[in-house]
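Below is one structure, written out as C-alpha cells; comments come after it.
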Amino acid sequence: MSLAKSDPYLRRYTLGERINHWLVAISFVLLVLSGLPFFHPFFWSLTGLFGGPTMTRILHPWIGLFMVLMFAIMAVRFFKESLIRRHDIQWLKQINDVLLNRDEKLPPVGKNNAGQKLVYWLMLGCISLLLITGVMIWQPLVGEAMPITLRRLASLGHAYIAFLAIVTLIVHIYSGMWVKGSFQAMVRGRVSKAWARHHHDLWYEEEMEKERKHREISRRHDSSGQEAP
C-alpha cells in the first residue's frame, strides 16, 4: 500500500502557462517602451533601447504581432476559467470588503476571482483593438493605402486604447503584489493548500476532490496488486 504523504502544495499554473504569461508580459513591456517615443517627444530617448528611431518604428509592429500571438494562446488557455459566474457579480458588489481584506464576508471564489476575470476581458478587448488600429497605421505595409482621415482616427484610437491597456496592466501587477503569494504562483507554478483555501476556496475544493479521487484509485490499485497471486 502506498504510504506517500499528501503534498502540501497545489499546482496552480503549468510550466507552459507560465512561459506563455511571461512572454506576453515581456513583449507588452517592449511594446510600451517602443511605442511611447511616438506618443510624446519626452520619451524620444527610449528609441536608443532599440537602435534608434528607425529601428524602433520597424520593430514595434513586429513585437506587437508576437504579443498578439502569445496572448491569443493564453486567452484560449484561460478562457473557461475566465467566464463570469453569478458569484463573481456578488464579489464585485462587495468590492469594499475586498479592499478592506474582509475575506470572510466574500462569496466563494474559483480559480480566478472577478477582478482577474475583468483584467482578462479588458486585455482581450484592448489587444484586439490595438491589433486592428495598429494594422491600419502600419507603414508602409497598410498605412499608406488607408485614407488619411481614417489613419488619423486609428492612430488616436491606438493611443487611447494603449493607455487603457497600460492602466489595466498596472492594476494587474499591483493586485498580484498586494495579494501575497499571487506573484510567486506565476513564478513557481504552485501555491500552498492553505493559500488556495483562503483566497480561492471553490478552486481548492475542486482540487481536493481530484486529489481524493486520485488517492482512491491508487488505493484500489495497490489493493488489487496485493491480492494478485
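Even glycines carry a Cβ here, placed using N, Cα and C.
TrEMBL labels come from automatic prediction, so no person has curated them.
Summarising the annotation, TrEMBL assigns domain 'Cytochrome b561 bacterial/Ni-hydrogenase' to 12-189.
According to TrEMBL, the transmembrane segment annotation covers 21-39 (among others).
What TrEMBL lists as transmembrane segment is 59-79 (among others).
What TrEMBL lists as transmembrane segment is 118-138 (among others).
The feature transmembrane segment is assigned by TrEMBL to 158-179 (among others).
What TrEMBL records for 210-229 is region 'Disordered'.
The feature compositional bias 'Basic and acidic residues' is assigned by TrEMBL to 219-229.
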Remote residues contacting the transmembrane segment (118-138) - C-beta distance under 8 A, at least 6 residues beyond either end: 61, 64, 67-68, 71, 75, 78, 82, 112, 146, 150-151, 154-155, 157-158, 161-162, 164-165, 168-169, 171-172, 175
Arithmetic mean of per-residue pLDDT over the domain 'Cytochrome b561 bacterial/Ni-hydrogenase' (12-189): 92
